[in-house]
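Annotated in TrEMBL:
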| type | residues | note |
| --- | --- | --- |
| TRANSMEM | A:21-39 | transmembrane segment |
| TRANSMEM | A:45-63 | transmembrane segment |
| TRANSMEM | A:95-115 | transmembrane segment |
| TRANSMEM | A:122-143 | transmembrane segment |
| TRANSMEM | A:172-191 | transmembrane segment |
| TRANSMEM | A:212-238 | transmembrane segment |
| TRANSMEM | A:258-283 | transmembrane segment |
| TRANSMEM | A:295-315 | transmembrane segment |
| TRANSMEM | A:330-349 | transmembrane segment |
Amino acid sequence: MRFLFKTDYEDDIRLFPHSGYVVSYGLLLAVLLIAPYLLSSYLMSQLVFVCIYATVGVALLILTGFTGQASLGHAAFLAIGAYTAAYLQKYNVPFPVYFLAAGALTGCIGALVGFPALRLQGIYLVIATISFAFIVEEILARWESVTNGNEGMRVKALSLLGVTVSRDSPTFYFLCLAVLVLTIVGTLNLLRSPTGRAFVAIRDSETAARSMGVNVALYKVKSFAISAAITGFAGVLFAHKLSFISPEMFTLQLSIEFIIVILIGGTFSLHGAVLGAIFIVMIDPFLTYLKDDMPGIIAGIAATFGAGAATAANIQSKVAAFAALNGLKGAIYGIIIVLFVLFEPLGLYGRWLKIKLFFQLFPLYKRATFKRQKIYVKSERNR
Amino acid sequence: MTYFRAENLSLHFGGLKAVDAVSFAVERGEILSIIGPNGAGKSSIFNLISRIYRPTSGRIFFEDQDITEQPPYDIAKLGIARTFQNIELFENATVLSNLLVGRHRHSTTQLWQELLFLPSVRANEKLHRRRVEQVIEFLDLEPYRDKLISGLPYGVRKVIELARALCSEPKLILLDEPSSGLNVEETDDMSFWIRDMKSELGVTVLMVEHDMSLVNRVSDRVIALNYGRVLAMGSPSEVQQHPDVVAAYLGA
């Protein structure tokens, strides 16, 4: 185990506490950079979605994890980013311009949503953000002159510096990766400066934050604006990746997926956003696999235990009918959230830290070594 | 010219007069204690000063400036810091970052500079950390600086709250029952620190306290309150012998 002896204020400020971090993150970056030349096109596509979801996850972490303001409206911010890109693209606005414009517009709208949020706490804020998401969804469906209504909009391949970048090309993946890395670095910078600490202060005790000179209203609005702007940037990439957007893509389900990203990844560290994004992107093909193959497998097991051919076929069709039920995916998501909140409130990243600690302390690790804390669910105590 | 002055300060909740036409002044560099039975309105006065409550009537002046209408976050910017009776720390952050929040009123950097972590932000951070380190040394908090608050015992949290208030380099500090929940030894430490704050750091102290031995040891003057009204004002011994104060405490 390594002991850090701090001899300088820099030791607390720098992003990589010691050389081990530089090596491991360097290796990770190297792997990510050669990934397009190793992985199949399907996995590359999934990796691009991981980058986009992780970017939104970081945005949501700023708002929910660090400022303590829950939001179920991030699908709407993503939609605003995506539609801004699609609309401006029709008028041949170059990519860098509409990319920034989408972020700026979404940030402004995020700030506007932040204002009513000043008066709301906890579950009421969640309801307000859901309403906002519904309003946006409805506007996208009705404002046909701009959004093309329920027919949706095509998004052309983006062109960067005169070169067309297809949505399946390595360049597009590198672009998404760059956006993710820049978002993470920017957020880390924020968290080690006064603004980030003010966010955390608001999360833990608004009264104390106020009495220390933090303008709580201003910082809540800032948090909303930053979170929304980052989600807007992700929205542009999302639109390009899908090459077609329509209002029914940006539903409550998507907002819940973003919440799952941070809940399952861990709400106390940016690692959580990335781990959660990997989880949510990879669980979809896994569920599809279960849906397609489970009925056959279960029928096969039943047959080996002596069920007749007719019974096995009956079981197979029943299981298949169950797997095809509407809303089953939502139920599975719900169960996953409940299990994580109950048994691993620190998420996948918390689990990773425990495993790491286990090996660092090898024969000495006890469960109590790692103090369990509920970080996400904050009581109503401090107003 | 007085340093800090409350004039006819009142706080009514419907018919209940929590604070009723209270006037007092604090001189620069003194330690003034407010005593009184439970529900006398001591903490309410603190909450009026730090603008958690809005006074029903009356005015508050600090350094000849009327601060009655200032928003709560500006009170800290003026140099008035406070602690809370039931500790209000940032539970899921480290001691160091709690103390750095105390530096918030001195932060000058803009959001975009922080996103890029420009050299100016870095220089500011180092300055903040140097100041915080001085407070950590002053209050002997070295063993706890990187610990999470949620894992610390009550007595230590009490000191950290004091430290957070000191990190803002206040001119006036409001201590709401600094010794509640502390054992005899910790209360002794607290009384030394309160006196050192005055003599070494030049901070003016306004304090609500129940522990009369602590009040006697540190206070220059004492105000006794009951039912939101001032009963007596003067030196610690004068106030304790005042017949109204004796009656309020003993119910005679």
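Keep in mind that glycine also has a Cβ here, set from the backbone N, Cα and C atoms.
For the transmembrane segment (A:122-143), the most Cβ-contacting stretch among A:21-39, A:95-115, A:172-191, A:212-238, A:330-349 is A:95-115 (pairs under 8 Å). Taking Cβ pairs closer than 8 Å, the transmembrane segment (A:45-63) reaches residues 35, 39, 69, 71, 74, 77-78, 167-168, 172-173, 176-177, 179-180, 183-184, 187, 190, 199, 223-224, 226-231, 233-234, 237-238, 241, 257-259, 261-262, 265, 267, 270, 272-274, 276-278, 280-282, 285 in its own chain, all 6 or more past its ends. Listed as Cβ neighbours of the transmembrane segment (A:258-283) (distance under 8 Å, sequence separation of 6 or more from its ends, same chain) are residues 46, 49-51, 53-54, 56-58, 60-61, 64-65, 72, 74-75, 180, 184, 187-188, 333, 336-337, 340-341, 346-350, 352, 375-376. Stretch with the largest number of CB pairs closer than 8 A to the transmembrane segment (A:212-238), among A:21-39, A:95-115, A:172-191, A:330-349: A:95-115.
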